[in-house]
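Here is the structure we will look at, set down as structure tokens.
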């Protein structure tokens, strides 16, 4: 893969160098820190679109939740959308709740009206969300240690996995009615409609709908790369050996085996990397404020985590070929607004489809990566709110929950790893020739 990517002025070689020498080593270290390694997720939410096909019973599909005793006290005690020491002080929260109970407005409201107010507030909060967020207060939500549950090939495949990707591509990727071939790259192609001719429909779409397809295709390529790079090669005497599977990589990405589509999928991975990189550079002012602590209860670790995160932000700002998100939704105001809303709802739907994944480990990483991308999109479309944040108090206009912050960093970490793994596969392929 070489050359300039479509729909932006950036070349692949620049991204490779930037990722290898600047981003990858730092993001790896950041993901190992307590604040970013524990992710709260509900893996028991029912599939909202079809009857469950049954769960994957392969042992590698299993996710080991984290015992409460292992979770840092500051994360466990914290309110879901706060990260500073003050926000985790339960005395302050109790005082605040007491004041609310005594408030004149509240005492004159019926229970029905109170519930309506709560619904409105929730509705307002969800207006900028591109993802269906898990309710962290649900008894089914559990902390997972991401370092102990790495994303890798579990053996989960067949009709259940196919159905999930098929639903994502066919029902949510703005497919024109004139295109008969399934968008899902896992689907068997029909007749002679392959490779290049298939992509002519994509060029006919507006930029925003093209971008949407590329983001989903890039996410799919990234997930496939992780599975090829961390594959169960053999299991002797109960000792599994995981590593890169060149044959599996060629099956999914080689131009000859994919009718020319493999390199396009990988280009979409680079495009997705650029989108999330842009979001990180845009959200920096949010984290640069003293009010944001990345609080775990360990002051020394928290200060180091924040310093490393701000260092990564400086690197993202230094990149000189960012995607220009201002080119999106730039038409007449009414059309642009309805297109943005359509874009948001389609993506939200995809985040809900992740609750239909039958393998728990695949579901965990699918939810985390779609939530990370959804958070990146929320950031890109909230630039004005981020620029006008108050320095020393929590913001009303733009807010990130801890769940969103952890997903954003880990999802970008996965993309960074994908691009690094791609370099490894290039070397391995040269050796096998």
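Positions of Cβ are set from backbone N, Cα and C atoms, glycine also.
What TrEMBL annotates here:
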ACT_SITE  359  active site, nucleophile
ACT_SITE  362  active site
BINDING   152, 154, 165, 217, 220, 252  FAD binding site
DISULFID  56-61  disulfide bond
DISULFID  359-362  disulfide bond
Select one residue from 61, 359, 362: among these recorded positions, choose the one with the most other Cβ atoms within 10 Å of its Cβ.
362
Just give me the nearest neighbour of residue 252 (FAD binding site) among the recorded positions 61, 359, 362, Cα to Cα.
362
Any idea of the Cα spread of the FAD site, 152, 154, 165, 217, 220, 252, as a max distance in Å?
21
Compute the C-alpha separation of residue 165 (FAD binding site) from the residue listed as 'active site', stating it in Å without decimals.
12
Just the number: how many Å between the Cα atoms of residue 217 (FAD binding site) and residue 359 (active site, nucleophile)?
21
Between residue 61 (disulfide bond) and residue 362 (active site), how far is it from one CA atom to the other, in Å?
7
Between residue 362 (active site) and residue 154 (FAD binding site), how many Å separate their Cα atoms?
8
Run through the Cβ atoms and count how many others sit within 10 Å of the one on residue 165 (FAD binding site).
20
